[in-house]
Amino acid sequence: MKKQWKKIVLFVLPVIITLITLSSFLFYNQDVVHNWSSSRMTYGRFLEYIDMNWVKKVDLYDNARTAIVDIINPDIKGEEQLVRVELPTFSSELVSKLKNKLIDFDAHPSSSNVNLVSWLSNLLLPLILIITLFFFFRRGNKSSSGPGQAFNFGKAKARFHMEAKTGIVFEDVAGIEEAKEELQEIVAFLKDSRKFTNVGATIPKGVLLVGPPGTGKTLLAKAIAGEASAPFFSISGSEFVEMFVGVGASRVRDLFKKAKEKAPCIVFIDEIDAVGRQRGVGIGGGNDEREQTLNQLLTEMDGFSGDTGVIVVAATNRIDVLDSALLRPGRFDRQIMVSLPNINGRLAILKVHSKKKKIHKDVLLEVIARRTPGFSGADLANLLNEAAILTVRRGKVEITMKEIEDSIDKIIAGLEGSPLADSRIKRLIAYHEAGHAVAATFLPHHDPVQKVTLIPRRQAKGLTWFLPNDDQFLVSKSQILSKIIAALAGRAMEEIVFGLPEVTIGAANDIKQVTFMARQMVTKFGMSKVGPICLENSSSEVFIGRDLMGRHELSEEMVAKVDLEVRSILKDCYIQARTILSQNRKLIDRVVNELVEKETIEAKEFMRIVEERV
């Protein structure tokens, strides 16, 4: 209640004082109010009015610098009107003129009260502002957190937990068993360090979690906080640097000062690449401030002070931009790769997230895990949540396989659009998708077809889905060529059925992808006549922390040879696609008829059509 009254008084008091000051000023200076309400007239026109006998009375103010004149205005039928006239400094002839014309005039000296109130009003308003700002600064200085703290810029914004209760333990983390094992050792060290020190082991000073977004790096940190019985500090890398010089380094010092007081403890820095980027390339003062912050971080982690009992756990998905001094042993003794989960990892993650969902007994998590290669843990959690929302939308009480499959399609390809009307365009799209599906079926190294559909999603008017048999960590040349042939089969089918002049832009994305794959075969994988040589630009991107300018190291002759080889690969694959499609034209016509009628063909039905024709 007291805080509320303080806020009310703090807001109302300056307003009341301001209103009182203005009212007092206006009360003592009625002449000014009179002047404000008057119209203005030039001095020359005023003299003309005197000569025309249209002036009745003149009142002089401000030491004869201003005159309020009572005139007869001929423009409004001779009615009287008050006007204001600014007089020149030397206007002695004015008094003579007024006397000669027998015009009543009077001089009004300045009031001492008015001058005093005017002086006080000019002084009081800035004084109120200064006192109010000082009150806010005092209040912010007493507080330990929150915005508007002018004296606390150098204080670290880390969240401190004596025994963090995040609600997450290692049992809640699945699919990244290797990373869990490494971090469980650190938790065990904090709980009972004697069994480690007995054999001469020392506690790691830093652990860097590296991996793509959504793989569970922050989740692992929460699990550490939930498992360890040690003090836990958490902060984001972006919270160190501010607009003021020196604030970042000051916050690093403050953070580690607090951490040393609670040692042994854990400091978790999320997105450390925001402050730990490679030094020496940026332009401008902002980069200098970031480098000062990084230098202070390096000193605190392994400087002259030696072992402090503070374990730093950091997370990043951009290890390539981090400064090499930050990555050396003694600062980050362990670099733990948190990769995208394989099929077994995805299955374990799905089991964890499905515990709190009402899943129908017919749902096969193994099939879902196989259908989601490349999905991170966050993607899988989002998948089941989307399926749950879709279940409620459809009025069901349990999540079925249909909702999960539709959610996978939505996440990968976007929202489902309106079905196409029966037309020539619909048949053209059907031939395009049937070309992809049939060509892939007759390529021994290609993934099997999972579904063919004419339901639009995002920019795609039709889609052909493939189901990989397993996670492909190593891809062969035959597999890459098979993917290129199947991708070009859509354009090839359009040309076979409708002729070259009628091909559409529908294959634009296919052409973009196959060009990239073919160029990778030549310049990176050494799978061409150019030979096993890496021709990619090895320099890093501009401004990510290493090189200021990118360099192109290939000769013009080699660039021409690469382009020629890429065109040769794509041309050969296109010819093979046309050959496969021409040999199976009747099968493709059957698939197209089914597609136009049903709009979606699942894997079992598609294979039944293929087996009947073959």
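Here the Cβ of each residue, glycine as well, is placed from N, Cα and C on the backbone.
Under the heading topological domain 'Stromal', Swiss-Prot lists 1-7 (among others), citing sequence analysis as support.
Annotated transmembrane segment per Swiss-Prot: 8-28 (among others), in sequence order.
Residues annotated as topological domain 'Lumenal' in Swiss-Prot, with sequence analysis given as evidence: 29-116.
For 117-137 (among others), the entry in Swiss-Prot reads transmembrane segment, with the evidence type sequence analysis.
The topological domain 'Stromal' annotation in Swiss-Prot covers 138-614 (among others).
In the three-state DSSP classification, T215 (ATP binding site) falls within coil. Sequence annotations record features per position, and here Swiss-Prot assigns ATP binding site to G211, P212, P213, G214, T215, G216, K217, T218.
The annotation Zn(2+) binding site is assigned in Swiss-Prot to H432, H436, D510. Within its own chain, D510 (Zn(2+) binding site) has A487, L488, G490, R491 as residues 6 or more apart in sequence whose C-beta sits under 8 angstroms from its own. Reduced to three states, the DSSP call for D510 (Zn(2+) binding site) is helix.
Here Swiss-Prot flags E433 as active site, drawing on sequence analysis. In the three-state DSSP classification, E433 (active site) falls within a helix. Non-local neighbourhood of E433 (active site): V452, T453, L454, G462, L463, T464, G490, L595, each in the same chain, at least six residues away, with C-beta under 8 Å from its C-beta.
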| query | Quick one: Cα separation, T218 (ATP binding site) versus H436 (Zn(2+) binding site), in Å? | reply | 40
| query | In sequence order, which residues at least six apart in the same chain have a CB under 8 Å from the CB of G214 (ATP binding site)? | reply | S376, G377, A378, D379
| remark: Not counting G211, P212, P213, G214, T215, G216, K217, T218, residues with a CB within 8 A of the CB centroid of the ATP site are L209, L219, A315, N317, V338, S376, G377, A378
| binding-site residues compared (T215, T218) - the one with the fewest other Cβ atoms within 10 Å | T218
| field | Rounded mean pLDDT for the residues that make up the topological domain 'Lumenal' (29-116) | value | 76
| query | At the Cα level, what's the spacing in Å between G211 (ATP binding site) and H436 (Zn(2+) binding site), rounded? | reply | 34
| With a radius of 8 angstroms around the mean position of the C-beta atoms of H432, H436, D510, what other residues of the same chain does the Zn(2+) site pick up? | E433, G435, T464, A487, L488, A489, G490, R491, M493, G506, A507
| task | Could you tell me which of these binding-site residues, G211, P213, G216, has the greatest number of Cβ atoms within 10 Å of its own Cβ? | result | G216
| remark: binding-site residues considered: P212, K217, H432; fewest surrounding Cβ atoms within 10 Å belongs to P212
